[in-house]
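Taken straight from TrEMBL:
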type: TRANSMEM; residues: 6-33; note: transmembrane segment
type: TRANSMEM; residues: 45-66; note: transmembrane segment
type: TRANSMEM; residues: 82-103; note: transmembrane segment
type: TRANSMEM; residues: 115-133; note: transmembrane segment
type: TRANSMEM; residues: 153-175; note: transmembrane segment
type: TRANSMEM; residues: 196-222; note: transmembrane segment
type: TRANSMEM; residues: 242-264; note: transmembrane segment
type: TRANSMEM; residues: 276-295; note: transmembrane segment
type: TRANSMEM; residues: 301-322; note: transmembrane segment
type: TRANSMEM; residues: 334-357; note: transmembrane segment
type: TRANSMEM; residues: 377-398; note: transmembrane segment
């Protein structure tokens, strides 16, 4: 296949991926426009809502202002002032990364994989620029520069993951092999311990996120009646209820990360001056969002029992690392290298959870609603401390000569 076809197919594939992602909110609001609204409002209003939602999923900030005589402006504190919405619906972000992975793998089967990757990014950026240009209105607008640059960056992350997942046998540029050769230049036992630390940190974070997801599900089931009451108060109709539900599904990953922050200890905010944490829930007036009806209310005497989750995850990470670490450095050197390993597990886990907290938080509306989500620095710091302490206990709890739970590969490929 010649280079012109490679460039064309890669750009078309990326542009199609962008349009598919845009079609999800667009079809949803168009259904609302045609059935619920009866076509009484200009369709371009709904188009801009879909475009703004798509851009938000890529981390593009939305700048808006309510009309001074509107119900929202009069009913919300600070509603008459201009505000920004920066909370990213992470379900849309994960969708973008997922289609990017697929495109990244396909580019590696072409005759010019590097050229295909660049063309794919350019194709996605072209669609993003067009959407950002058409999305702005007097009521809500996005910055054209960030609207053009951020979407292809998110898509490029998926492209990179897809390209790395293809080895030499896949006919690509062998990014995985190139990374493996780079890391293999590191002296032993540094490489093996680094891999061990990364695995331990990821294991600890995965454990906390898994329990957090289960906690969100339990809260939704336990407060099902309260959630239904909010739906009934909204009176959205069948199609409107579907739109509200899809909107909540878009931020469900955010809710899981916020639940993780709750388990770690710092909790999260739902507005300036509010707090949702193990000690209790203290919030002001909130938007009528059914998902928020599942929040625990008031003080919780046993709330801090949830801290056992990150401690258990860190303990498991240290416990699993003990035998491989002993095999790498020997029993005589286990104290020094073990201390470095548990500190590394804490740092990796804390950085990952802090990064997730940062990605999931932001501004959600006017006035006091400009602060939504956990404090990333506080969450990351506390999580790092909890993981490190628990990993240290797990590391020393394994008896010498215990059967290895897994080996640490010397190569990454």
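Keep in mind that glycine also has a Cβ here, set from the backbone N, Cα and C atoms.
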Residue numbers, six or more beyond the limits of the transmembrane segment (301-322), whose CB comes under 8 Å of its CB atoms = 196-197, 199-201, 203-208, 211-212, 215, 262-265, 277-280, 338, 341-342, 345-346, 349, 383, 386-398, 402, 405-406
Note: vs the transmembrane segment (82-103), the recorded stretch with the largest number of Cβ pairs under 8 Å from 6-33, 115-133, 242-264, 334-357 is 242-264
Listed stretch, out of 242-264, 334-357, 377-398, that has the most CB pairs under 8 angstroms to the transmembrane segment (196-222) | 334-357
Selected stretch (most C-beta pairs under 8 A with the transmembrane segment (115-133)) from 45-66, 242-264, 276-295, 334-357, 377-398 = 45-66
Go through the chain and flag residues at least 6 beyond the ends of the transmembrane segment (242-264) whose CB is under 8 A from any CB in it; none is fine as an answer.
-> 28-29, 31-32, 53, 57, 87-92, 94, 208-209, 211-213, 215-216, 231, 234, 236, 276-278, 289-291, 306-307, 309-310, 353, 356-357, 359-360, 373-374, 379, 382-383, 386
Sequence-remote contacts (6 or more beyond its ends) of the transmembrane segment (6-33), Cβ cut-off under 8 Å?
-> 39, 41, 43, 46-47, 49-51, 53-54, 57, 92, 95-96, 99-100, 102-103, 106-107, 110-112, 115-117, 119-124, 126-128, 131, 151, 155, 239-240, 242-243, 246
Restricting to the same chain and to residues at least six past its boundaries, which positions have a Cβ under 8 Å from a Cβ of the transmembrane segment (334-357)?
-> 189, 193-194, 196-198, 200-202, 204-205, 208, 257, 260-261, 264, 313-314, 317-318, 321-322, 325-326, 328, 373-377, 379-389, 391-392, 395-396
